[in-house]
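Here the structure comes first, spelled out in structure tokens, and everything after it is commentary.
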Amino acid sequence: MLVISLPVYTFGVFIEPLTDAFGWSRANISGAVSIFQLLVGMLAFGFGRLSDRYDIRLTMGIGTVLILLSFFACSKIASLTHLYLAFAGLGIGSSALYVPMTSTVASWFRKRKGLAVGLAVTAFGVGMASFSPLLEMLISNYGWRNTFLISGAFSFFLLLVSISLMRNPPDDPKGRIKIGLESEEGSDDPGSDDMTPGEAVRTKSFWLTYFSLLFAYISAFFVTTHIVPNALGLGISSLYAATLLTVIGVFNVAGRLLGGFTSDEFGVTRALTLLFTAQAISLFLLANLTSLWSIYSVALLFGISYGGWAMILPVITNDFFGRTHSGQIMGLFETVTGIGGAMGPYFAGYIYDLTGQYTLAFLIAGTITLVGVVLTVFLRRYSRKEGLIGKN
């Protein structure tokens, strides 16, 4: 998770150096993150299927090799096409890591699975908080090319450690994820109530979840990619601007733990409604603030809300649709990160190129998030109607 956070949640610190080096527009530079997220999402189903059928370390090994090679390629870019290809490799490698790891964590736990997943994905917040100022200092002292190389070496080391520690859930002595744990009602056919991917997509709850998350992801990537360039445009120094991602990251960690607790105690649909609302408020505020400390306070709120709802996806997948095909169903859901991550960074950069500021972009992002809030209200209604709440 720490490794995945490097190319996507710290990319804002590379935008200015790449602009200075090549003169590219912010929309074009942001396209690298769009490609990254699109591939993470679009390939998630395939890698989820692999992790359901084989040892998780197979997909993690594929991801490790791709990420190492892609960071090396980032250090050698000489054109926009090179940047896009390098981030395509990072996206494929990250997709091979994310869905198998999160679905495996969720499958290990029946009780407090929200908290368990929340603890696992706090690494995203930790990465955002710790890597952003560190990368800014590395870029200032060694240049952006060497910083990409250092990132690749560090990622490779972390992934080797992760692979050595990772294990599939103990349902199958051969190491493959088998059928879900015995139900609380004592069914003799474990996993018999679990849905296949085909059955899941035929429910209204699946699509309400899908589109509510899509709108939230689009708006969230407006911020994570462009809050640093926005601060620089307001006259804030590069180091202080980079620490905005640190603030988001620190409170993203708190939000992921809060999201896990909230989903366990009050249910996933209520948690989504609350956290989406908080994110919308933070975006409307961000559009109208110019001082460093006021933007810090909004970054705090955004970090908590974004971290809180982002960790709920593996919990929804297991709660609503069961464990047997959790990797594949989560892979279907993860396409929202691909589409949202592709649209958000690019359109925020495009709006900036048109207007010369980010005010309109953040207002649009807040409005989009409110659409997601409305969808979560309907999600609670239909998930009860379809008998999915409390099923697993």
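Yeah, the Cβs are placed from backbone N, Cα and C, and that goes for glycine too.
Keep in mind that TrEMBL annotations are predicted by a computer and have not been checked by a curator.
Residues annotated as domain 'Major facilitator superfamily (MFS) profile' in TrEMBL: 1-384. If you look up TrEMBL, you'll see 27-46, 58-78, 84-102, 114-135, 147-166, 207-228, 234-255, 267-287, 293-317, 329-352, 358-379 marked as transmembrane segment. Positions annotated as region 'Disordered' by TrEMBL: 174-197. Annotated compositional bias 'Acidic residues' per TrEMBL: 182-192, in sequence order.
In this chain, the transmembrane segment (293-317) lies close to the transmembrane segment (207-228): three or more C-beta pairs between them fall below 8 angstroms, excluding pairs fewer than 6 positions apart. In this chain, the transmembrane segment (207-228) does not touch the transmembrane segment (58-78); fewer than three CB pairs sit within less than 8 A of each other, excluding pairs fewer than 6 residues apart. The stretch from 27-46, 147-166, 234-255, 329-352, 358-379 with the most CB pairs below 8 A to the transmembrane segment (207-228) is 329-352. Taking Cβ pairs closer than 8 Å, the transmembrane segment (267-287) reaches residues 114, 212, 216, 219-220, 222-223, 227, 230, 255, 259, 295, 298, 301-302, 304-306, 308-309, 312, 315-316, 319, 358-363, 365-367, 369-370, 372-373, 376-377, 379-380, 383, 389 in its own chain, all 6 or more past its ends.
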